[in-house]
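K.L.:
Would you mind keeping the following structure in view while I ask a few things?
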Amino acid sequence: MPPFFSRNDAGDLQIEQVDASEIVARYNSPTYVYSRAAIESAYRALSEAFGERAHRICYAVKANSNIGILSVLARLGAGFDIVSYGELARVMAAGGDPGRTVFSGVGKSAAEIQGALEAGIGCLNVESEAELRRIAEIASEMQQKAPISLRVNPDVDARTHPYISTGLKDNKFGIAIDDALPLYEWAHAHPALEVTGIDCHIGSQLTDVSPFRDAAERVMALAHRLAERGITLEHLDLGGGLGIRYTDETPPAAADWIEAIRSVVDADPLARELPIWIEPGRFIAGPAGALLTRVEYLKPGEHKSFAIVDAAMNDLMRPALYGSDMAIVPAGQAPGERQPGTWEIVGPICETGDFLGHERAMDLAEGDLLAVLGAGAYGFSMASNYNTRPRPAEVLVDGGTCHEIRRREPLDSLWALEQLPTTD
Ligand SMILES: Cc1ncc(COP(=O)(O)O)c(C=O)c1O
Ligand SMILES: N[C@@H](CCCC[NH3+])C(=O)O
């Protein structure tokens, strides 16, 4: 069970001091629930691993972008990693500091770049030569100096799911590390650009620290070549990507990740004093969240047995998209006859790929509550309205208190922006 999740005397799931069944009674089902203490403790584990060393933790907003979650992190002093102007607007709405925010992403539009510069963005992580030139043009027109860092692609195998590996030369992300030097020289000489750092992010859900170490070594080699040319840096951004335990993975602890990075950076006199920035998303939000769902129907069969629940791939798409194996545990038992079985946990959507888990051995009854664990990251933030399903409510538990940080979507809001054609 993730930290801050436990069982009450009846054996039902509790999030901090609140029963899952109470949450569903109040907010209905399916509902995302998050533990504030879990978010804070993950953030602190990273920050404590740095100790007195200069660092910045830029939480990757895409993992969970609810402003209630962002505000918890802003209060802890977090910076943010964003990939759209929309995410920046969320950071600001939550009380986060644009000056402590980095803007990543391969496709920043001119309007997004201008908006970010107007807001006082901390750093633009540039992912191509064309983007660098566009930023220079926009900043010149605005008579500003844009703080930039090149996101380099170090060609390191993160050994994760191919869809979430980003640091291989076949991936669309970043600038090939061997091509970065002339672009840095060009940017350094440009009056509207201020080179502040090097950035890299090699992938997500890494369960081994060695790719992080390899990437840090390649980034340091580039930092030396820049120093030889008189280009000094103000920070090194080594990205996010630390994995979490979904079922039987054994990911490194926060301290192991930071130690792996520091073993490279702190050993180098060039970078010992340089602030290290990181961009973790999943590690902070993932274990803190669960998706609570109710069993609607049991459909036992000789070949396969299906437990049809009220959450679906539109609410949580990781299993359908990546085939991710996420733990599904009982969260509250309904009265009535229990049926033992090995269940396919599926949703109501009209797609064969609509499943939350395969072959789960459980005794179930209709009306039971289940919890998909580790759903705090890339859960709600990737949810859609497919099949005209309102997205779930989101609840932040803080001790014994529940905060409804997002209401369940009212049905008519789903077509509120649509119009009937004006012709017959
Ligand atoms: C640029 C960038 N930074 C940070 C992250 C956060 O990754 P994770 O949630 O795996 O820590 C991502 C997503 O992979 C990303 O693309
Ligand atoms: N959405 C992915 C991670 C992608 C990270 C974004 N760069 C997941 O659920 O695992």
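Here the Cβ of each residue, glycine as well, is placed from N, Cα and C on the backbone.
Heads up, TrEMBL stuff is auto-annotated, nobody curated it.
According to TrEMBL, the feature active site, proton donor maps to Cys350. For Gly241, Glu279, Pro280, Gly281, Arg282, Tyr378, the entry in TrEMBL reads pyridoxal 5'-phosphate binding site. Under the heading substrate binding site, TrEMBL lists Arg282, Arg318, Tyr322, Glu351, Tyr378. Residues or ranges marked as domain 'Orn/DAP/Arg decarboxylase 2 C-terminal' in TrEMBL: 32-376. What TrEMBL records for 37-285 is domain 'Orn/DAP/Arg decarboxylase 2 N-terminal'. According to TrEMBL, the N6-(pyridoxal phosphate)lysine annotation covers Lys62.
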K.L.:
Tell me the Cβ contacts of Glu351 (substrate binding site) under 8 Å, same chain only and six or more apart in sequence, or just say none.
P.N.:
Met313, Ala320
K.L.:
Out of the recorded positions Lys62, Arg318, Tyr322, Cys350, give me the one sitting nearest to Pro280 (pyridoxal 5'-phosphate binding site) by CA distance.
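P.N.:
Ranked by Cα distance from Pro280 (pyridoxal 5'-phosphate binding site), first place goes to Lys62.
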K.L.:
Mind running the binding-site residues Glu279, Gly281, Arg282, Arg318, Tyr322, Glu351 against ligand 1 and keeping the ones whose CB falls under 6 Å of it?
P.N.:
Glu279, Gly281, Arg282
K.L.:
Of the recorded positions Lys62, Arg318, Tyr322, Cys350, which sits closest to Glu279 (pyridoxal 5'-phosphate binding site) by Cα distance?
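P.N.:
Comparing Cα positions, the closest of these recorded positions turns out to be Lys62.
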K.L.:
If you measure the residue listed as 'N6-(pyridoxal phosphate)lysine' to Arg282 (pyridoxal 5'-phosphate binding site) at Cα, how many Å is it?
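P.N.:
Cα-Cα, rounded: 9 Å.
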K.L.:
Under 6 Å from ligand 2 by Cβ, which recorded positions from Gly241, Glu279, Pro280, Cys350, Glu351?
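P.N.:
Cβ under 6 Å from ligand 2: none.
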K.L.:
If you measure from the Cα of Arg282 (pyridoxal 5'-phosphate binding site), which of the recorded positions Arg318, Tyr322, Cys350 is the nearest?
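P.N.:
That would be Arg318, the closest of Arg318, Tyr322, Cys350 to Arg282 (pyridoxal 5'-phosphate binding site).
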K.L.:
Measuring CA to CA, name the entry from the recorded positions Arg318, Tyr322, Cys350 that ends up nearest Tyr378 (pyridoxal 5'-phosphate binding site).
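P.N.:
If we rank Arg318, Tyr322, Cys350 by Cα distance to Tyr378 (pyridoxal 5'-phosphate binding site), first place goes to Arg318.
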K.L.:
Apart from Gly241, Glu279, Pro280, Gly281, Arg282, Tyr378, which residues in this chain have a Cβ no more than 8 Å from the mean position of the Cβ atoms of those residues at the pyridoxal 5'-phosphate site?
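P.N.:
Close Cβ neighbours, site residues excluded: Ala60, Ala63, Ser204, Gly240, Leu242, Phe283, Ile284, Ala285, Ala377.
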K.L.:
Taking the Cβ of Gly241 (pyridoxal 5'-phosphate binding site) as the reference point, list residues of the same chain whose Cβ is under 8 angstroms away and which are at least six residues distant in sequence.
P.N.:
Ala158, Thr160, His201, Ile202, Gly203, Ser204, Gln205, Leu206, Phe212, Pro280, Arg282
K.L.:
Expressed to the nearest Å, what is the distance separating Arg318 (substrate binding site) and the residue listed as 'active site, proton donor' at their Cα atoms?
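P.N.:
Arg318 (substrate binding site) and the residue listed as 'active site, proton donor' have their Cα atoms 17 Å apart.
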K.L.:
Long-range same-chain neighbours of the residue listed as 'active site, proton donor', Cβ under 8 Å, sequence gap at least 6?
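P.N.:
Residues satisfying the criterion: Asn387.
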K.L.:
Measuring Cα to Cα across Arg282, Arg318, Tyr322, Glu351, Tyr378, which the record gives as the substrate binders, how far apart are the two most distant ones in Å?
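P.N.:
Max span of the substrate binding residues, Cα based, is 27 Å.
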K.L.:
To the nearest whole angstrom, what is the C-alpha distance linking Tyr322 (substrate binding site) and Gly281 (pyridoxal 5'-phosphate binding site)?
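P.N.:
Taking the Cα atoms only, Tyr322 (substrate binding site) lies 18 Å from Gly281 (pyridoxal 5'-phosphate binding site).
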